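Asker: Handing you this structure, nothing more for now.
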Amino acid sequence: MAVTGDVYNTGLLKRIFQYVKPYRSVFIWSVILTILLAAISPVRPFLIKYTLDHYILTGNYSGLVNMTMLMVFMLLLQTLIQYNHTLLTNILGQSVIRDLRIRVFNHITNLRLKYFDKTPIGQLITRTVSDLETIADIFSEGLISMIGDTLQVIVIVGVMLYTDWELSLVVLLPIPLLILATRKFQKAIKVSFQEIRNEVSNLNTFLQEHITGVSIVQYFAREQQEYRKFNAINKRYRDANIRSNWYYSIFFPVVELISAMSLGLLVWYGSKSILSKPLDVTPGTITQFIMYLGMVFTPIRQLADKFNTLQMGMVGAERVFKVLDTDEVTPNRGTQQPEKLEGNIEFKNVWFAYNDDNYVLKDLSFEVKAGQTIALVGATGAGKSSTINILNRFYEVKKGTITVDGIHIEDLELNYLRSHIATVLQDVFLFSDTILNNITLNNPKITIEEVVNAAKKVGAHEFIERLPGAYQYNVMERGATLSAGQAQLISFIRALVHNPAILVLDEATSSVDTETELLIQKAIDSLMEGRTSIVIAHRLSTIQKADQIIVLDKGEIKERGTHQELLKINGYYKKLYDLQFSSEGIAKSS
Ligand SMILES: Nc1ncnc2c1ncn2[C@@H]1O[C@H](COP(=O)(O)OP(=O)(O)O)[C@@H](O)[C@H]1O
Ligand SMILES: [Mg+2]
């Protein structure tokens, strides 16, 4: 069959087959069964012809019974092979995509944040779920059965030619027409399948974003507008599906027509032959050919479909491999893993930009001694979060160096570095799992005693005990069933049990009210005990005790010193302090 496109991409096919290797025996058996099926398919029609000509038309009853039993046996054998064939190809396909999916997931979780800045999550979900599913079909419906179908056509045409070449040539006359129609259909359907895949990806992306952001949609009463947008995507999806079905609705009747032509030719030419040379062509031959025609037409018609399944699988594979090929992982060339990390941090003339040279941090230099606390202060967008992002190596610095205990952070093993820095963010993320697992993050080394102790220290033990199931309480996705303050406390416990040398608090108290903050302050104090801490807070109460305060403005250090020193300078920090003081005064009086 003439084909175009990705199926000729043997490199891609080879790559897919890398994943078949562990299941080589399943694959080989599938192919063997496929060949067997193709080989025995012409037997039954032949038996029928033989029975008709030699037993029925001659009235040989016992012969007829024997032949019938043989045919029943053949049928059972065929069914048995078919059953195993379907089972094996499905096992093969599903095993391959399970392995691939795990691989893709591992890869995605290791990609650096920069990748997620520009890739919609819905798209990644489509890759790991539905695109992967199309790869399974390569094995269960595509490639292997295409081999079988092709073989079957070849075998049957061979048997037909052998039985009666003249009659065969006549009835197969419309076959080129069928091949032509199949090709046209296959090309059209390929385009429309691709449209469907694209719209599926769009649907997933849209749904994922709007379900995650549903509160924004509702707060701003955007339901109507979003509904319209969703409607448009759905319409495109529906249209793409209808278009592909339209091709089918044309194609199938055309195939019927062509096969009716063959049948007509068979009856016409066959009867003529029986009348003119009855010794060559028998009624049995006609019956046999009628069955053979079905066995030639059906596979050719299905080949178009299966070819598309294969094609879709290849497209899916290409997309999945593209995700696997993104090498946007944080390079982990560091090997150093000191026995104990003290937590001395030094930034030396650090320049940083998310995009090219749009610098968000300019010539940043500061030092935090082990056990000390540094506070970063500044307006929104000043670069506070960026500073801790680069300390964690979520993004790479452009110029300058960051060292921990005098070791360049790029020389430290990446997981080692990150596991020694615990970061508590304002926006706490909780998985839909138990409180316990949300705290330990499934680290088996952390015992329940440690968790309870940490919870007591942070002052969260009581409220957790009151929850149904206590530490086994299942928080809904994103911690929806907990208050912001409670979720924040969970994140403090999480940081505490991981016992980091360096603690980072990025506006960790912003989502709790001033009163709760006073309670949490105790938790924070115990959290910071004996650790190097970097604190970003918009409430000055949290930072007054810091050993050093750094005031950032548009990525540059404007002022630095202790609370008292900075007040004396009477600059930016003083202004901030006055503002805060007066606003807290207002808050208290109201
Ligand atoms: N992922 C990102 N990609 C591109 N620009 C970013 C990203 N995150 C933050 N920025 C930009 O970097 C600057 C500093 O942001 P950030 O460090 O988050 O400020 P702060 O935490 O002080 O409010 C801002 O101008 C912000 O728009
Ligand atoms: Mg920030």
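Every residue gets a Cβ built from N, Cα and C, even glycine.
Feature annotation from TrEMBL assigns domain 'ABC transmembrane type-1' to 28-312. According to TrEMBL, the feature domain 'ABC transporter' maps to 345-579. The transmembrane segment annotation in TrEMBL covers 26-47, 59-81, 153-180, 246-269.
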Asker: Which residues of the chain, 6 or more past the ends of the transmembrane segment (246-269), have a CB below 8 A from one of its CBs?
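Answerer: Contacts of the transmembrane segment (246-269) (Cβ under 8 Å, skipping residues fewer than 6 from its ends): 167, 170-175, 177-178, 181-182, 185, 188-189, 192, 286, 289-290, 293-294, 297, 301, 304.
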Asker: Any residues 6+ beyond the ends of the transmembrane segment (59-81) with a Cβ under 8 Å from its own?
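Answerer: Those are 33, 36-37, 40-41, 43-44, 47-48, 50-51, in sequence order.
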Asker: For the transmembrane segment (26-47), could you work out the same-chain residues 6 or more beyond its ends whose Cβ comes under 8 Å from its Cβ atoms?
Answerer: 20, 67, 70-71, 74-75, 77-78, 81-82, 84-85, 88-89, 91-92, 95, 139, 144-145, 147-149, 151-152, 155-156, 159, 287-288, 291-292, 295
